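These features come from TrEMBL:
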BINDING   CYS14, CYS17, CYS36, CYS39  Zn(2+) binding site
DOMAIN    1-55  domain 'ClpX-type ZB'
Amino acid sequence: MGTVGKAVMAVMYCSFCGLESRQVNRLISGHGVYICGDCVTKCVAIMEDRPDRDTLPLRDREDYSDDELLDEIPRVAATTANVEADLRARVDELRQRGVAWSRIAAALGVARQSAWERFTHD
């Protein structure tokens, strides 16, 4: 998976806990998203239905203070930008292969014109 096309973020964040890559031991990349080793461990514990004492459930947004929510916005925006860049790279590849806008639009669940307008570069 690794990096996606030309869109590489200067600072990568775990898409689950929001920690920067320099704050975690390891960051695994997916399609425009990332997960740190600690979150993988938590996910494994949840999947095995045996959460350990150090595994805390994720908090609901309602439990965050205004400042905590504001602090999260840059990381969420960065994740959104990475996912969008990955999607654009895939659409670009499909267009280079000659795939019709109608097929791309159908895969996205939108009208052909909407797909064309969204992904046509200036």
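Each residue, glycine too, has its Cβ placed from N, Cα and C.
Because TrEMBL annotations are produced automatically, they should be read as predictions rather than curated entries.
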Sparsest Cβ surroundings (other CB atoms within 10 Å) among the binding-site residues CYS36, CYS39: CYS39
CYS36 (Zn(2+) binding site) - helix vs strand vs coil (DSSP): strand
CYS17 (Zn(2+) binding site) in three-state DSSP notation: coil
